[in-house]
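These notes concern the structure reproduced below.
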Amino acid sequence: MKQTLKDFSNLLLVVLCDYVLGEAEHLVLGEPGHVALSNSTVTVDFHGANGTLRNVSVLLVEASSNQTLTTKYLLTNQSQGTLEFECFYFKEAGDYWFVMTREATNSSLPVPPRERSAFLKVEWPVFHVDLSRTSMAAEGTFQVGLFTSQPLCPFPGDKPDILLEVTFTNSLPEARAGQALPLEIRASKRVELAQGQWVEFDCPPVGPEAYVTVTVVLKLLGRDSVIMSTGPIDLAQKFGYKLVMEPELTCEAGVEVTVLPPPCIFVQGVIAVFKEAPRLPGERTNRLAENSLALGERRTGFNCTLFDMGRNKYCFDFGVSSQSQFSAKEKECMLIRRSIETWGLWQPWSQCSASCGDGVRERRRVCLTSSPSRPGCPGMSSETSPCSLEDCAAFQPSSPSPLQPQAPVKSNNVVTVTGISLCLFIIVATVLITLWRKLGRAPKCSTPARHNSLHGPGCRKNSDEENICELSEPRGSFSDAGDGPAGSPGDPGIPLTYRRSVPAPPDDEASGSESFQANAQKIIPPLFSYRLAQQQLKEMKKKGLTETTKVYHVSQSPLTDTAIDAAATAAAAAAASPGGSESPEEAAAGKFRIKSPFLEHPPTVGAGDRPPSRLDHPFSAASCAVSPSQTLLRKSQVRSHSRGSHFRRTASFHEARQARPFRERSLSTLTPRPTPAHGPRARTWDQAGERGRPPSRGTALFPEKRDHGPGAAGASGPLSPLPKPHSLGPPPRKPDLGDRQAGFVGAGERPEPPRARRGPSPSHRSVSRKQPSPPAPKDGYQRVSPLSPSQGRKDKCQSFPAHPEFAFYDNTSFGLTEAEQRMLDLPGYFGSNEEDETTSTLSVEKLVI
């Protein structure tokens, strides 16, 4: 209004002056003001005096810079009119002058113009600035909006650019007194001039408080003009905090509350919960719980136990908590329904469904509710889980349990299957080895026995059991006690009488090689046991022992031959030699020889007069690979026995004990029996068995055979028959047992074919029990007693056989006392059953040492 009055006063002044001076030239603005960048034009009215205006122009001049923006010319002889100035001349706000000038045309000299002018005030358009969130997901940006209600001028050329500048601070200007320098971050973007637009800006890291100042700058050529500036704007107040939650929910485990902060602000504060209820004026709310949020944390939760049962309204406040007060920045309320249906505790797991291996176990829980008819507990009331017992004693079933869920194979199942397979393999291998040992063929005795050794090199000794090696020579007969040779060149003496059965016919070769267990080792007590005890005593003294145990086996099957130690044979041969003297070398060689306990010297027999006995040739020493205990154990598995298969005799000795005197047997009724004049079964020397054996003392009896005798290397040719021996000593006397033993020295030197090492077959063995030996030749001896074996054992003393042709023992030639017969009775000695026809039958078999 004041401006209008001023303009009006100026116009009146001009009119008065013109009137006084006689001139009426002036400029009149159509609008006193204008808006820059707007699309409206500026009009100017002009009036001339006397109606004559020639060469008149109107200039638009910017007052601040005194720069003429444009010039407009009036028509000739036009005294009045209106001029329009376009909007694009007014780009900036400020003061503008319209000046009218005139030039004289009737004079050659220019007439100084009388200027007339008008003043125009131009202002900036009004822009509105707004801030908004970019989106709920994009939390690090915000938008700045720039709007104006003024229509903008359509500039024909390049439009002027707008520079939008945003300044971030962490405090207000009035709060900066006494503090450190405030944080100030600037960001700007250049945009085109528009009536309205949104410009996006990124949020710098300011902190829990942020203030924004927005400045709009017009970019002109060479200079910047600030259109507007607003701020600082508190973003927390502008946007505010928001608590994101459901309007109503059923609390099962807890209530989760999320804080949505304003743009470019980090959350830091406290969330409090309280129950919405009517309160008296001035009554404070009772907060149930408070959860603090660290810098940058936006989410927290409250347990359902804070809320009451049923449906209630609870409010959550977010603010800054101090020691004195709590300033809430945001409040949000919601309805919370807490159900009384809830699950109880899980019951213990049930037992595994399988006793071993993989199984399933189960546990249950109960829904605690006020209405059992409609339980509303969410979730499962029972659950199952697999269970596995690794210490399963039985094998796992081939098909898995139907209750077992499908699962990958575990490492413990692989270990279990591997262990079971290994156990099965061991069991099958054990059974096969046992059957092979029981039914297979036993290994042959091929290694010759060493001299002066109780066990062959291939023999195995089980504990302290006596090793007795079998010989595989056909069974033959003994020679008479007085007719047998005392020794042969290189043959050691055998201190124990034994008999051999007649060889089996050729058709029995296969049956005899099928069974090795039937041809087992047996021992003839008691004299033989005494000699073994003597030999054992020597071994104990050599080893420094005072007590040991030997195991002897007795079986009802016929006795078999075994290897005879060369030392024992040499001892018997030395006893039969005249004078009984021996050289130091012979004494050293026969250090462990077993001598006869009957110290009677045998009759001297000439070497040239004595015919060879049927057993008067050497046999190769053999060593067995099967111990006596193993052989008899196999026989005891095949045939039943009234007693145990093992009989144990314990011999305790001491070096200080005195040897008891030998008991002599009465052999008054013994009569010498002739021997066949020739040996029908002469054998060749066994070079492998006799090689390496030192010459024995029996070599001195046959000096003419020294070159051909089987010494260390043995002999390869057969023995020639020797003439029948004649007595060279005193008149014939009744030979005792020692004579008989000396006479059977050469019986152990006969080699056997390998067939008999495996023993006769069961069929052949049964035949040998009934017919132990074939009948003797016509010039031989006839059977003394026709009694059966059982009756013979009951009535007669079972002593050594009188003749190899006799099938059963005949002791009529022995005059033994009743006590001696009881002592020497083998079934009574072993405690066997006399009624058993197969128990401890002493048939025409071989005797063993």
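Quick reminder: no glycine exception, Cβ is built from N, Cα and C everywhere.
According to Swiss-Prot, the feature compositional bias 'Low complexity' maps to 479-493. The N-linked glycosylation site annotation in Swiss-Prot covers Asn39, Asn50, Asn55, Asn66, Asn77, Asn106, Asn303 and is backed by sequence analysis. Here Swiss-Prot flags Ser463 as phosphoserine, drawing on similarity to another entry. Summarising the annotation, Swiss-Prot assigns region 'Disordered' to 472-516, 595-799, 828-849. Here Swiss-Prot flags 1-24 as signal peptide, drawing on sequence analysis.
Cβ contacts within 10 Å of Asn39 (N-linked glycosylation site), excluding its own Cβ and spanning all protein chains shown: 14. Distance between Cα atoms for Asn303 (N-linked glycosylation site) and Asn39 (N-linked glycosylation site): 64 Å, as a whole number. The number of other Cβ atoms within 10 Å of the Cβ belonging to Asn66 (N-linked glycosylation site), over all protein chains shown, comes to 8. If you draw a 10 Å sphere around the CB of Asn55 (N-linked glycosylation site), it holds 13 other CB atoms from the protein chains shown. The two recorded residues, Asn66 (N-linked glycosylation site) and Asn55 (N-linked glycosylation site), show a Cα separation of 23 Å. According to DSSP, Asn303 (N-linked glycosylation site) sits within a strand segment.
Each residue contributes its Cα atom, and for Asn39 (N-linked glycosylation site) and Asn55 (N-linked glycosylation site) those atoms are 30 Å apart. Counting every protein chain shown, the Cβ of Asn303 (N-linked glycosylation site) has 11 other Cβ atoms within 10 Å.
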